[in-house]
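> Once you've had a glance at the structure underneath, I'll fire off some questions.
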Amino acid sequence: IAKEVAKLLEMKAQLGGDEGKHKFVLKTPKGTRDYSPKQMAIRERVFDAIITCFKRHGAEVIDTPVFELKETLTGKYGEDSKLIYDLKDQGGELLSLRYDLTVPFARYLAMNKITNIKRYHIAKVYRRDNPAMTRGRYREFYQCDFDIAGQFDPMIPDAECLKIVHEILSDLQLGDFLIKVNDRRILDGMFAVCGVPDSKFRTICSSVDKLDKMPWEEVRSEMVGEKGLSPEAADRIGEYVQLHGGLDLIERLLQDPKLSQNKLAKEGLGDMKLLFEYLTLFGITGKISFDLSLARGLDYYTGVIFEAVLLQQENEHVEEPVSVGSVAGGGRYDGLVGMFDPKGRKVPCVGVSIGIERIFSILEQRVEASEEKIRTTETQVLVASAQKKLLEERLKLIAELWDAGIKAEVLYKKNPKLLNQLQYCEETGIPLVAIVGEQELKDGVVKLRVVATREEVNVRRENLVEEIRMRTNRP
């Protein structure tokens with residue numbers, strides 16, 4: 001080994017030293033990633049499905065800056081505020097990278113005095129997290145948000161948001177999913193009747209929010225040990241937060257002697273009943289569960305909250321499917337716009353955010369497992385030649401195709417071999433080859449070859465565009 005190392009070092013010396021050359025570390029920053037063409041092809045499919053759904057529901061699109069004034073974001077996220085990325089600015093403004101798309105949306109509404117809009121917004125957001133990239137958690141990632149702002153009759157927009165989640169998750173075929181629904185008012189009412197002091201509502205709320213990841217015993221000991229809640233109050237909460245069901249459970253809680261005495265909880269349960277009636281009309285209650293443990297950690301929610309989780313059937317013998325994490329979440333936040341309005345004018349809002357990164361990880365793993373071939377281009381036809389000295393003719397023909405809106409490629413070689421041109425199509429999944437040769441030029445035709453079946457037809461030059469369109473089924 002020593003001999004080999006010495007030999008290698010000698011060769012290295014001959015090649016010239018590294019003096020004066022800066023060694024670059026080639027990596028992406030922590031918690032970020034590059035996307036290869038194959039990954040982007042899968043991503044674009046997902047974005048297309050989501051945008052198609054948002055547009056089907058009549059949403060407009062907006063965009064906002066990637067950074068906001070620091071004070072815009074401060075105090076909106078509860079315990080998560082420590083994950084906000086702050087920026088140093090030369091001009092004296094204190095800035096932060098946006099943490100989500102909801103707070104910028106509220107700022108946009110207040111600033112432009114908009115009281116009524118249905119919008120979607122797809123953009124990157126930033127969190128100074130300790131990233132667990134294997135679980136689809138990043139410091140820079142996309143969010144896909146859909147929100148309805150405005151004063152409307154209760155629960156109609158809320159029901160539409162749940163319908164959208166149902167449509168997108170069904171469309172992407174991610175497997176079985178469940179949408180859990182709760183209401184902040186029911187939670188707060190429950191905390192009140194269980195004896196939680198007002199000042200502890202939010203912090204106890206963020207403990208309850210961990211019930212999907214931790215068993216009740218651990219959550220209970222966090223409430224009592226770390227957050228100073230009395231054991232009796234914790235046990236009372238325990239009786240409620242382990243309940244989940246549908247309309248039957250809502251009816252039962254409306255009769256609950258303690259909860260029905262609480263004004264907030266009663267309001268929340270009344271609205272929840274209404275919501276379930278609308279969801280029944282939309283035909284989606286099979287995938288919806290009213291779940292009292294759902295809390296969602298963010299401070300700005302005021303009413304209905306929901307979260308969609310994917311279920312994994314571990315094996316045949318397990319009764320309860322296992323959740324593999326949240327892929328969408330949202331809720332009603334009626335006070336957020338008012339926080340930005342100098343006169344405190346409220347604009348009620350409800351919205352949903354689709355967890356694109358997690359969905360993408362799942363689809364990516366699935367493609368890897370199935371070894372499905374993913375096309376990374378949309379090229380419909382390769383313009384090829386069978387003989388030498390036909391570069392000019394190939395370029396003339398490809399220009400005609402491009403000008404007609406056909407997606408076409410040509411190899412960047414003067415005289416490529418026909419075999420190499422056909423092989424290129426096999427590798428990249430291009431379905432058609434348009435071959436020009438001397439005879440074809442004389443006859444005013446182009447030989448169109450179908451790569452998969454190897455069949456060839458002569459097509460008149462003036463009909464070529466039509467023929468390619470017809471064969472690739474693209475408008």
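In case you wondered, yes, glycine gets a Cβ from its N, Cα and C as well.
The shown structure was predicted, so the numbers you read here are calculated from the model rather than taken from an experiment.
So TrEMBL lists these for the protein:
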- 31-363: domain 'Aminoacyl-transfer RNA synthetases class-II family profile' (DOMAIN)
- Asp100, Leu101, Thr102, Arg127, Gln143, Asp147, Arg296, Tyr300, Tyr301: L-histidine binding site (BINDING)
> With every protein chain in view, what's the tally of Cβ atoms within 10 Å of the Cβ of Thr102 (L-histidine binding site), excluding that atom itself?
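If we count other Cβ atoms within 10 Å of Thr102 (L-histidine binding site), we arrive at 25.
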> For a quick check of packing: other C-beta atoms within 10 Å of the C-beta of Tyr301 (L-histidine binding site), how many?
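Taking all protein chains shown, Tyr301 (L-histidine binding site) has 24 Cβ neighbours within 10 Å.
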> Among the binding-site residues Asp100, Arg296, which residue has the largest number of other Cβ atoms within 10 Å of its own Cβ?
Arg296
> Any same-chain residues 6+ apart from Gln143 (L-histidine binding site) with CB under 8 Å of its CB? Would you list them in sequence order, or say none?
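Set apart from Gln143 (L-histidine binding site) by at least 6 residues yet with Cβ under 8 Å, we have Asp100, Leu101, His121, Ile122, Ala123, Lys124, Val125, Ser353, Ile354, Ile356.
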